[in-house]
Structure formats: C-alpha cells, structure tokens
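*Asks:* Sending over a structure as structure tokens; questions will come in a sec.
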Amino acid sequence: MAVEAPPKPTLADKIYDRLFHNYVWKSIFRTGYPNTPRNQMLIVATNVFLHLHPTRIHRTHVKITHTYCLGGLSFFMFLGLTVTGILLMFYYVPSVERAYLDIQNITTTVQFGQLMRNMHRWMAHAMVILVFLHMMRVFYTGAYKPPREFNWVVGVILLVLTFLLSFTGYLLPWDQLAFWAITVGSEIAGSAPVLGPKTRFWMLGGFEVGPNALIRFYTLHVIGLPLLAAIFMAVHFWRIRRDGGLARPL
Amino acid sequence: MEWANLPHDFAEPLELVIVAISITAMLGILVLFGQWWQK
Amino acid sequence: MATAVVARPVARPQPRARDEEVLVWPDLIFIEFISALVFTVGLLILSTFMNAPLLDQANPDVTPNPSKAPWYLLNLQELLLHMNAAMAGIIVPTVWLILLAAFPYFDRDNEGQGAWFATENAWRITIVSGIVAFVGTWLLILWDTGKIAYFLNAWFGLSGGDTLRFLENVRSMQSQLPWPDWSRSITYLPFELRILDGTGRGGPTSFQNLDFPGWLVEQAIPITALVGLPSLLIYTLWRIGWVVSRRDALLALFTGFVVVFGVLTLVGTAFRGQGQELVLPWQLKVSEGIPGQEAH
C-alpha cells in the first residue's frame, strides 16, 4: 500500500514553526518539546534545574501516597521563604530603633507587604512541619538503611538548621512576642552545665537580648544559615542520586 | 478580608493549629489528586 | 572459624529494575508541579485571611505572663517544668538528637525498606506505642502538676492525707518526706571543684556537696522515666512477640518520640497559662505584664 502524503501545513503549523523552530529559540531550548521519550529524557538530563532528577524513576516513587512530596515541598518552602524574605529585606533594617516600625510599615503602607509578611510566617511554620513529616516518612519507609545512613544524618543536620532559621527569624519583628520568646529560648541555651553562660553570651553578643543580638540573628537568618542550609541540601540531594534514587521495595 | 487580630491569648496557639490544619488539608488534596490522576 | 560469627544481612544498594521504571518527565515533574501549586495557592489563601501577629514593641521591663518560646521549643519549655534546667534544656535534647542521627548505624538489616510499615507487626507496634506514649505522657504531666491527686480528691474523695502527700507530684518527694539533714549535703569530693566561673548569672558551677533529695527529684527520677519507660515498652512488646528485630524496636521508639514531642508541644501551646499553670485551653489568659493592668 502506498504511504499517504503528509497533510499540508496549516497556518497554525507555520506560525508554530516560525516561533519555536527559529535560531534564537533553539539556542535557548536546545532539546525539542518533550513529547517523545527521547526529548523527555534529554530535557531532564540537560537542564540545570531538572537534572537534579534521574531520567527514569521507579513507578512506586511517583505515587503521591509513597512520599507525599514532602521532601520536595520542604525545598519548595525554602525557596518561597527566600523569595518572600528578600522582598521583606527591602523594607527592614535590623536596628532596635527601626525594626518594629519597619514591620508596621510593611504591614500597612507597603503594597502587598502584609501578604508577603504573612506568607513568610506561614511558610516558615509550614517548612518546620513539612521537614518533620518528611523525616517521619523516611523513617516509616525504612529509607535510612544502608547505603543511606549518612544521608539521614545530613537530614538531621538540616532539621536543626531549619529550627535555627526559624528561631533567628522569630526575633526580627522586635515585638513583645519576639523579644520574650527569644529571651526564654536563650535562657534554655544558657542553662547548659559547663559552657552554658558562655554560649548564651556568644549567641546574644551580650548578657541580654539587645541590639547586638538583633544584628547577629539577622545576619545568621538572611545569609549565614541559608548558605549552610544550601550546602547541606546540595549534599542531601546529591546523595539521593548517588544511592540510586529513593529506597525501593525489596 | 481579615478576621485575625484576635486577643492574642488565643492567637498564638490558634495560629499554629490553623497552619497545621491547612497543611493537612493541602496534603489531603494532593492525595485525592493522586488517586484521581494516577489510577 | 568464619562460622563462629553469624553475618547479619546488611542492606546493599540494589540494582536498577529498568522495566519497573517510568519517565520522570512528565510523571514526576507533573506531580511536583501540582503539589507546589496546591501549596502556593493554599498558603496564599491562608495569608489573605490570617495575619501574622505583631504585638507591642519589645520592652525589657514589661514581661508577659506566660512567656513562651517559639512553638517548636515549647516541648523543651514543658520539660523544663518537670526537671532540672540543664537536663531539660541541654542534656535531653542533645541526647535525643544524637540518638536520632545515629540510629541508622544500629539498624542495618534489609527488611522494612522501601514501603510503608513493611515488617509484619509494624502497624500494631506503631499504633500501640503511639497510644502508650500519648497516655503515658499525659499521665506524667498530670501527676507532676498535682492534678491526679487533685482529681482523685475532687472526684472520688480519696485523699492520702499527710502520709501520702509526698506522692502528690515529683517535687513533693523532696519537700514532703522527712529527709535527714545530712542527706541534703553529702560531701562526695574532698575539695570544691569549680568549673568555668559562670559569667553573668548563677555563679560558678561548683561540685562538692550533693543535695540528695534535690538530685533525686531533678535528675534521678526524670532520667529513670526517660530511659526506663521506653525500655519497658520495648521489653513488653518483645515479650508478647511483636518486636522481633531492631527495626521493630526502633519503630516503637521513634513513634513514641514523635508522639511525646507532639504532646509536649500541645501542652505547652494550649494548656499552659499564667505562671505556667496547667489550665484548659479556653481558660488560657495571657497577661501583658503592663504595670497596673495585671488583673486580666
């Protein structure tokens, strides 16, 4: 039987061709549209953001009821907090004279300021909860067994970093809630048997929660701890790929 | 569209409870979506 | 000679099973996208309706009552009410964290991997440990705040009178029993040992005399509870045949830890009122601490 001639290109096809098969577009997106298995694998393997993933994954691992996307959501919360955090940073100065007024300014005068602040706070709570749930998921699916033991340790480090990020951020509004919560928290730290008072002094930059504490916590919160967290996240994600992906049933 | 600014006796524990409920609800929506999309 | 040591099967990296795999694009990417979308929209809606709190400006002279740490530290603050400050604030969380990080080096078998509750008794162990941890923690908190003695009296009219008053809460073991005077200051070092003059508050940490009732109440009893009760749980589960492997024991411990964490956070958030007194959530009132406005 003779092969049918291909249908003549319609106007839509010609426009598509002009838009997406031209030189400029193809210099940016070098694989074709991922609607063939080849392109679908290529785009995951060659895109800098997507190549975090393998090109193929065990079918039990795409089921939502296996992972509930908790790890990915924790990372997503981290990204969202970074974005809202940067936006908030435009309007906030970490000095005891300005901090509270800046927060009031953000929540009243700045356009979408209230929304950004709310998003930042609820995403912070959400990240702590999601990280904890992720830890529970990894435990109950036994995904800490060899060769993944050290990745679990890295995960615990990330958990502690998440708590610390939340703790340092808590002080920044410089209202009564923030001030006294951090006072209580630093008292707990200061009650350590031998190094307690010194640790507390180092943490607060003084004997009381004051201007030194504010700038210290601010610096840790916006750059120190996020950088550490990013480094450990890099190790954490890399190790998952290195260990052959998520833990598979036997 | 605000009803927050409750007397903060209740606001602090309530804030946490509502965030936890929201997260559970969102995860539930995800599970339902998974059951529908991934037969 | 090699048979003298029984090798336990250690989990090894598994070979890929290519026929069991699906393409990441679109199957995984789409799911990730949807979950990100759901959470973004959900949190946006939440942020529209609920405002982040902002109280009065920080004032070191005005202390709200109760002062609470951020919610993920409330479990430690709750522990502080039941034991010595150094134990509750530093030793217990450090030991918790170290155990939490180290247990994968303890449980290295192949079983229980890759699926939820994959061992035979996993479900039962989890649920029973959860319930035991929940009820047990609540009972301990209620006992140490004196509520059990109170309820026994108010509901059943039972009262131990003066003879049983030392059982009212943990602290009363120190204050209500007739300890001889020498036990309150037992010299165990022939010299006074001072470690690192404590800067700021509290004075130097010095070791020479032991206050036995104080040590008993603040350290011995809490440590016994924290170590002994989980051990008892695992021992019981082992005797009835549910716990057969290290994974099962860890299941019980981990579930217990999560539930205890949750109960302590719940109590610290919703059940602690002025002066850290145990109250029902709807009776929880915060005093702003403004002089002249104490009576709320």
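Any Cβ shown, glycine's included, is placed from N, Cα and C.
Look at TrEMBL and you will find A:11-249 tagged as domain 'Cytochrome b/b6 N-terminal region profile'. According to TrEMBL, the transmembrane segment annotation covers A:68-93, A:122-140, A:152-171, A:217-238.
Give me the lay of the land around each of these features.
*Replies:* Within its own chain, the transmembrane segment (A:68-93) has Cβ neighbours under 8 Å at 99, 102-103, 105-106, 110, 113, 116-117, 119-120, 123-124, 126-127, 130-131, 133-134, 137, 172, 222, 226, 229, 233, counting only residues six or more beyond its boundaries.
Residues 67-68, 70-71, 73-74, 77-78, 80-81, 84, 152, 155-156, 158-159, 162-163, 165-166, 169 of the same chain lie 6 or more positions beyond the ends of the transmembrane segment (A:122-140) yet place their CB under 8 Å from a CB of it.
With a cut-off of 8 Å between Cβ atoms, the residues of this chain six or more beyond the transmembrane segment (A:152-171) that come close are 124-125, 127-128, 131-132, 134-135, 138, 144, 178-179, 181-182, 185, 209, 213-214, 217-218, 220-221, 225-226, 228-229, 232-233, 235-236, 239.
Residues 52, 75, 78, 82, 85, 89, 94, 151, 154-155, 157-158, 161-162, 164-165, 168-169, 171-172, 182 of the same chain sit 6 or more residues outside the transmembrane segment (A:217-238) yet have a Cβ under 8 Å from a Cβ within it.
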